[in-house]
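S.K.: Pasting the relevant annotations from Swiss-Prot:
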type: DOMAIN; residues: 1-54; note: domain 'ClpX-type ZB'
type: BINDING; residues: Cys13, Cys16, Cys35, Cys38; note: Zn(2+) binding site
type: BINDING; residues: Pro117, Thr118, Gly119, Ser120, Gly121, Lys122, Thr123, Leu124; note: ATP binding site
Amino acid sequence: MFKFNEEKGQLKCSFCGKTQDQVRKLVAGPGVYICDECIELCTEIVEEELGSEEEVEFKDVPKPKEIREILDEYVIGQDQAKKSLAVAVYNHYKRINSNSKVDDVELSKSNISMIGPTGSGKTLLAQTLARILNVPFAIADATSLTEAGYVGEDVENILLKLIQAADYDVEKAEKGIIYIDEIDKVARKSENPSITRDVSGEGVQQALLKILEGTVASVPPQGGRKHPHQEFIQIDTTNILFICGGAFDGIEQIIKRRLGQKVIGFGSDNKHEDLEKEALLSKVLPEDLLRFGLIPEFIGRLPIIASLEPLDEKALVEILTKPKNALVKQYRKMLELDDVELVFEDEALTEIAKKAIERKTGARGLRSIIEGIMLDVMFDLPSREDIEKCVITGKTVTDGEPPRLIMKDGTVVNKDKKTSA
């Protein structure tokens, strides 16, 4: 309802009641008016509240034990890696809150490198950390990067992804986390520096150095090379946490050689031949990464090394069932929406884990295996209203037998039926 001054018929501010003659500006809305003074007051209140929220967001960083407990809810195993990441992340944001200096002591930045086989949980750990801390998060693939002047993605595009994840709030992006995957793929081809250009290897490492250490980078908001005349966004990377992950296939041989050289006397080879891959990865040192093909300056920017173990059968079964977002829970929920109870027998879960190990895909391959098993079930069951329960057996996984179906009248279908895939 419009507000008028009864004596003069003037419009009034709906908030403070001042007339249009008493204020400089009166802004009209549908049936309501607000003056310039009230707008200014509202702006101050909103800025104060948002400012205090931002402060809380980064000052109330969970303690390392709390971070690890939350990681345990989503990621199975990898205890040592979780501990390393929890401490590193806590110290990183503690450093930001102290403005990088405590009693004139400058706290240096600690980026992280994660070494572990495919499907061991590197990406999931990084994603979960960002979720715990409620900070912007971006994933980049090192294999798509090339140094400036060559066809491919510029290093600055990594920062653009983070800015986009922060809804173009640069200040928020400057406290985010960037996960660079497949970092082992930009290792140079040999330990010795090459005379020829290595477009996708050493050159990319050199290009990444500055943003890893901390610099003010100019980021093209539309992605760079196709729009040369655009305005650049300035972003300071000093407080961005970089996590670089890779499988580093073959690094265990480098570690083995190093350990073998340090054992004196007979049987030095035999002593280390029995070391499992996981045990070897836990003994990785910066010098091993250097021999693998990372340049010394790049290794220096990643002082914390967290090694992840290959997942065994037991861990894969737990991944299927225990985390909050476990695959079995997800599929069970999907069928529950069609009023069907889904049950995976223990033998079925074990066989799914075995298949993932055979394919050498780790946890990453579990979904595609289950998707193959569940395809016919999820195609047929929504059209049927007579089924109460669907049981996935070991034979369903190994031999492709149809799952056992329990009807609403108690009848069991496919109980003893044996068909090959």
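Every residue gets a Cβ built from N, Cα and C, even glycine.
Locate each feature and note its surroundings.
M.R.: Confidence annotation: the domain 'ClpX-type ZB' (1-54) carries a mean pLDDT of 75 in the model.
Its Cβ placed at the centre, Cys13 (Zn(2+) binding site) has 22 other Cβ atoms within 10 Å.
Of all the Cβ atoms in the protein chains shown, 16 others lie within 10 Å of the Cβ of Thr118 (ATP binding site).
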S.K.: Would you list, in sequence order, the residues of this chain other than Cys13, Cys16, Cys35, Cys38 that have their CB within 8 A of the centroid of the site's CB atoms, where the site is the one recorded for Zn(2+)?
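M.R.: Other same-chain residues with Cβ inside the cutoff are Ser14, Phe15, Gly17, Lys18, Val23, Leu26, Tyr33, Ile34, Asp36, Glu37, Ile39.
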S.K.: Using DSSP, would you call Cys35 (Zn(2+) binding site) helix, strand or coil?
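M.R.: Where Cys35 (Zn(2+) binding site) sits, the three-state DSSP reduction gives strand.
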S.K.: Out of Pro117, Gly119, Gly121, which has the highest number of nearby Cβ atoms, where nearby means within 10 Å of its Cβ, if these are the binding-site residues?
M.R.: Gly121
S.K.: Rounded to a whole number, how many Å is the Cα of Gly121 (ATP binding site) away from the Cα of Cys16 (Zn(2+) binding site)?
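M.R.: Here the two Cα atoms lie 57 Å apart.
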S.K.: Where's the emptiest Cβ shell within 10 Å among the binding-site residues Cys16, Cys35?
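M.R.: Per-residue Cβ counts within 10 Å for the binding-site residues Cys16, Cys35 bottom out at Cys16.
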S.K.: Please work out the number of neighbouring Cβ atoms within 10 Å of the Cβ of Cys38 (Zn(2+) binding site), leaving out its own Cβ.
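M.R.: I count 18 other Cβ atoms within 10 Å of it.
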S.K.: Could you state the whole-number distance in Å separating the C-alpha atoms of Cys13 (Zn(2+) binding site) and Leu124 (ATP binding site)?
M.R.: 53
